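Report on the following structure.
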Amino acid sequence: MLTKRIIPCLDVKEGRVVKGIQFVQLRDAGDPVELARFYDEQGADELVFLDISASHEGRKTMVDVVQAVAAELAIPFTVGGGIHTLDDMKKILRAGADKVSLNTAAVNRPELITEGADFFGAQCMVVAVDAKYDEDCATWVVYTHGGRVKTDWKVLDWVKEAVRRGAGEILLTSMDCDGEKKGFDIALTKAVSTAVTVPVIASGGAGGASHFSDIFLDGKADAALAASIFHYKETSVAEVKAYIKDKGVYVR
Amino acid sequence: MIAIIDYGMGNLFSVSKALERLGEPYCITNNKNEILSADGVIVPGVGAISDAMRLLNETGMADVLKDYAASGKPILGICLGMQLLFEASEENGGCRGLGLLPGTVVKIPGVTIQGEKYKVPHMGWNLLQLRRQSPILKNVEEGFAYFVHSYYVTTENEEIILADSLYDVSVPAVVGRNNVFGTQFHPEKSSMTGMEILKNFTVLVSERVSVK
């Protein structure tokens with residue numbers, strides 16, 4: 001049986017880890033290499049490394065930063081941001097990443113998911129989805145470009161399409177919950193996790209250890225991702241794991 | 001010197017960094033002479049097995065690896081690299097493998113016998129259950145290893161399965177016979193448990209060097 005994974009996320013801008021509060025207000029939370037080493041030692045199950053400004057400025061993910069971070073890790077590592085072509089994916093995987101994550105580029109050109117999956121295998125392809133509830137549609141809608149552009153895709157349609165095209169994992173961020181620290185979006189995560197056959201990483205809203213047991217037990221998430229509560233040492237990966245293990249969640 | 005095979009697919013960097021941490025000299029190569037003269041070979045790999053086999057065949061590296069294995073020197077396949085060691089795979093319409101170990105690579109069903117669906121790929125940390133003693137598992141205790149794969153090995157030769165993990169089906173996690181070894185998980189990404197297995201492989205390599 002697989003364990004539930006706790007994944008610290010390193011949002012990186014110009015080589016430094018930052019965390020978006022509702023995607024706009026940025027704070028500098030440190031050096032990616034230092035944080036990678038810290039989380040590895042703390043018992044993190046995986047890391048996600050996102051170049052958050054990549055889609056906006058068309059900037060490519062900094063391959064050498066990825067290399068420096070990957071050199072510190074004996075745990076797996078996903079990289080997203082600025083990946084638009086098969087060649088971009090090759091560079092990132094060769095720099096030491098285990099998986100690549102596509103967001104805006106996959107929505108713009110869904111064939112990219114298939115191209116990557118055919119070459120690297122579906123297990124390397126993570127599709128990141130920024131979701132926001134839309135009152136008019138009465139469901140969640142997909143946003144791109146770091147949450148700045150609303151698309152026509154309903155989240156449940158898009159994740160099914162992404163998986164059909166070869167996505168091996170969904171990284172699901174709730175824009176409604178992100179930065180609020182009031183808990184993950186249980187309804188959204190459960191809806192997506194039961195709609196697709198691949199693992200779902202819940203993201204956005206973690207404020208304390210109880211939020212993690214909620215998203216695993218009620219939200220049916222396979223993994224849960226958080227940034228600021230770990231970066232600012234409000235809690236630790238070890239503390240979260242001890243707490244959720246007590247609640248009956250299977251962890252490493 | 002351990003040769004990490006570079007055939008255009010695979011996480012060469014992570015494997016090489018893990019060897020660096022163990023203080024083991026290595027080269028990343030696709031050169032026939034370099035491979036054949038190496039003391040140990042690691043075949044890494046992520047991705048689709050049919051693409052990998054096509055690349056290995058096109059570059060002539062498939063034959064080089066078969067010759068290398070026949071020399072009796074240690075060879076370790078990781079993840080897709082392990083699957084390549086087997087006879088055949090049904091991925092992407094089917095293809096032949098290197099045939100160094102008996103067995104076939106098939107898709108994880110994704111549905112139990114009772115009809116209950118579960119997720120594929122098998123992605124994450126799973127408990128390693130030790131089945132047989134082997135130098136590659138020396139000092140390795142039951143612990144968690146990191147898996148990322150959608151296909152798994154089936155074989156009638158149970159004796160080559162050294163450790164397995166349960167994910168609806170029994171997934172062969174560590175396989176081996178004579179000088180040919182494989183791990184379905186990523187030892188270089190499996191924290192202490194994985195590093196111990198990689199260390200054992202480097203010991204096999206240096207033992208072989210010292211007796212020759």
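Cβ coordinates come from backbone N, Cα and C, glycine included.
TrEMBL does not curate its annotations; it predicts them automatically.
Taken from TrEMBL, the feature active site, nucleophile applies to B:Cys79. Positions annotated as active site by TrEMBL: B:His186, B:Glu188. For B:4-203, the entry in TrEMBL reads domain 'Glutamine amidotransferase'.
Over all protein chains present, the Cβ of B:Glu188 (active site) has 31 other Cβ atoms lying within 10 Å. Fewest Cβ neighbours within 10 Å among the active-site residues B:Cys79, B:His186: that distinction goes to B:His186.
Checking the active-site residues B:Cys79, B:His186, B:Glu188 against chain A with a Cβ-Cβ cut-off of under 8 Å leaves B:His186, B:Glu188. Separation of the C-alpha atoms of B:Cys79 (active site, nucleophile) and B:His186 (active site): 6 Å, rounded to the nearest whole number.
Across all of the domain 'Glutamine amidotransferase' (B:4-203), the predicted model scores a mean pLDDT of 93.
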